[in-house]
Amino acid sequence: MSILSPLIIRLCNPRGFCAGVDRAIQIVLLALKKYGAPVYVRHEIVHNRYVVEGLQQRGAIFVEELDEIPEEHRNQPVVFSAHGVPKSVPEQADCYNLFYLDATCPLVSKVHKQAMRHQRHRRHVILIGHAGHPEVIGTMGQLEKGGVTLIETVEDALHYQPDDPDNLGFVTQTTLSVEDTAEILDVLQRRFPALEPPAAESICYATTNRQNAVKAAALGSDLFLIVGAPNSSNSRRLVEVAERSGARQSILVQRADEIDFDHLGALSVVSLSAGASAPEIIVDEIISAFRKRYNVTIELAETVVENETFLVNRELRDVVLTPQDMAFMNGRSEMLKNKNQDM
């Protein structure tokens, strides 16, 4: 029997599901329990296809627009995703007489309120974020047309020419890189000293915590694996943070079978984290894949302990989930385990 080479896996903590993702998944599960299938969900509830597929198997139907819901099903509930929606979406739901449950992350809702507060004070709103991301679309959709400008890069900040430089306020997308946002803000605040900040930090605690844990683990890592979907903003930012913080290479993966072990080169230290919408079962799957090839020692790279929770909608608080539902909500679904074994 061949002797396996030693390998240290630095496991970041915190990682994976945040309180907003937990809440959003729970809302869909509770709605299915209370109202029965189908429950419609506008956009992916969170950006992870395994979560989406698991909810589909339980009776959720995902649509991008409300007019995709058949008329014969418009008595069924519809859930708005964790990323938030423009004001026009609940207005359209009311026009269709739809019963809707808002799963917008409370921290995203807070950004919406901060943006509207700026507008009430007659400030033009600068939104730092990524064009096309559902959260950005939702935040911009809270404001009057022409009342918000999207700034994506330092170059955008350098060339921005507002009509009234003395009446500006900013908010940010919650899932941005802390460093990138700081660079953009530095430019904006130097150019526009009167720029009004939000009353509270826009980048969410989970984004900051996961980035800090990645920074702590990156130096000396031959490889840094981030579990997450390509359309997950916070997961892509973790890859960038790992690269900037000293990892020799950093890769975004959705499953263990995406890792090309034959081309990784010599490894002695691999660091591992997961975006806020990535289930823990995929982290377990990746560790198992490495154990088949290496003599693995796990080191925990923990920077903070998270204990945040968010309440679900009042209509759902009397519903009890099964142990299987709880396992799915916590990212440890037996259904996913079975898929892993079939790989």
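The backbone N, Cα and C atoms fix where each Cβ goes, glycine too.
Database features (Swiss-Prot):
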| type | residues | note |
| --- | --- | --- |
| ACT_SITE | Glu135 | active site, proton donor |
| BINDING | Cys18, Cys105, Cys204 | [4Fe-4S] cluster binding site |
| BINDING | His47, His83, His133, Ser232, Ser233, Asn234, Ser277 | dimethylallyl diphosphate binding site |
| BINDING | His47, His83, His133, Thr174, Ser232, Ser233, Asn234, Ser277 | (2E)-4-hydroxy-3-methylbut-2-enyl diphosphate binding site |
| BINDING | His47, His83, His133, Ser232, Ser233, Asn234, Ser277 | isopentenyl diphosphate binding site |
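Each of Val46, Pro134, Glu135, Thr175, Ala229, Asn231, Ser235, Gly275, Ala276 belongs to the same chain as His47, His83, His133, Ser232, Ser233, Asn234, Ser277, is absent from that list, and has a C-beta within 8 angstroms of the C-beta centroid marking the dimethylallyl diphosphate site. Here Ser277 (dimethylallyl diphosphate binding site) is compared against the binding-site residues Cys18, Cys105, Thr174, Cys204, and the shortest C-alpha distance is to Cys18. In this structure, the CA atom of the residue listed as 'active site, proton donor' is 16 Å away from the CA atom of Cys18 ([4Fe-4S] cluster binding site). A coil conformation is recorded for Thr174 ((2E)-4-hydroxy-3-methylbut-2-enyl diphosphate binding site) in the three-state DSSP classification, outside any helix or strand.
The two recorded residues Thr174 ((2E)-4-hydroxy-3-methylbut-2-enyl diphosphate binding site) and Cys18 ([4Fe-4S] cluster binding site) have their Cα atoms spaced 12 Å from each other.
Under DSSP, Ser233 (dimethylallyl diphosphate binding site) is assigned to a helix (H, G or I) in the three-state scheme. Set side by side, the binding-site residues His83, His133 differ in how many other CB atoms lie within 10 angstroms of their CB, and the most is found at His83. If you take the Cα of Ser232 (dimethylallyl diphosphate binding site) and the Cα of Cys18 ([4Fe-4S] cluster binding site), they are about 13 angstrom apart, rounded to a whole number. Taking a C-beta cut-off of under 8 angstroms and a sequence separation of 6 or more, Cys105 ([4Fe-4S] cluster binding site) has the following same-chain neighbours: Gly20, Val21, Arg23, Ala24, Ala82, His83, Gly84, Thr174, Cys204, Phe310. The two recorded residues, Ser233 (dimethylallyl diphosphate binding site) and Cys18 ([4Fe-4S] cluster binding site), show a Cα separation of 14 Å. The Cβ neighbour count for Ser232 (dimethylallyl diphosphate binding site), using a 10 Å radius over every protein chain in view, is 24.
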